[in-house]
Amino acid sequence: MAPFASLASGILLLLSLIASSKACSCAPTHPQTAFCNSDLVIRAKFMGSPEIIETTLYQRYEIKMTKMLKGFDAVGNATGFRFAYTPAMESLCGYVHKSQNRSEEFLIAGRLRNGNLHITACSFLVPWHNLSPAQQKAFVKTYSAGCGVCTVFPCSAIPCKLESDSHCLWTDQILMGSEKGYQSDHFACLPRNPDLCTWQYLGVSMTRSLPLAKAEA
């Protein structure tokens, strides 16, 4: 195994030199988009520091899954995941877990590869308690209703154009200056009828929709 370890170390060093000036860039993502585009969505706790896998360009974090929110069909009879895999270097969008609190629970939206959970710096991965009550509710049972049917369409500059009635115009970046705005925190893009999707409020005590955004001619 030593030759493979030496080769992997050499490759890591070479890539770090090549990519040292390149930072990982991630596009803003609405939580619903993160849910729908992920193979797996779980709640889990990180149990320690990452372990470098010498024969690959990856490292892995030991995790303790507390609840699976998406991915039941994909994992089959698997009862959980012990590790989350990520690129070993930040320049390759490797995820770096900074919290030292092993009792803190995180929402992890990742990909399934060869039966393993994979995450990157661009993955939707946040402390569960940092999510709004509406987001927590949506990750458990609401976002799934829009997957494959509706699309959150980012608006990063005015004017914005909708390409389909199944799109919901996401304007948080324009109106709030951040992707963590009102639509992200409190709304989901859901079907109103077979040919139309609209923003729908995720509050517990009331249900209302944002005004429909009209596409430019």
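Yeah, the Cβs are placed from backbone N, Cα and C, and that goes for glycine too.
Looking at Asn101, Asn130, Swiss-Prot tags one of them with N-linked glycosylation site, and that residue is Asn101. Checking the ranges 24-27, 44-47, 124-127, 152-155 against Swiss-Prot, the region 'Involved in metalloproteinase-binding' annotation falls on 24-27. Disulfide connectivity taken from Swiss-Prot links Cys197 to one of Cys147, Cys150, namely Cys150. Reviewing Cys36, Cys93, the cysteine that Swiss-Prot connects to Cys147 via a disulfide bond turns out to be Cys36. In the disulfide annotation of Swiss-Prot, Cys168 is paired with Cys189 out of the candidates Cys122, Cys189. The DSSP breakdown of the domain 'NTR' (24-147), given as helix, strand and coil counts, is 31 helix, 42 strand, 51 coil.
The Cβ of Cys36 (disulfide bond) has Tyr143, Ser144, Gly146, Cys147, Gly148 as same-chain neighbours under 8 Å, each 6 or more residues away in sequence. Separation of the C-alpha atoms of Cys122 (disulfide bond) and Cys93 (disulfide bond): 7 Å, rounded to the nearest whole number. A sphere of 10 angstroms centred on the C-beta of Cys160 (disulfide bond) encloses 16 other C-beta atoms. If you compare Cα positions, Cys189 (disulfide bond) sits closest to Cys197 out of the disulfide-bonded residues Cys93, Cys160, Cys197.
When the Cα of Asn101 (N-linked glycosylation site) is compared against those of the recorded positions Cys26, Asn37, Cys155, Cys168, Cys197, the shortest separation belongs to Cys26.
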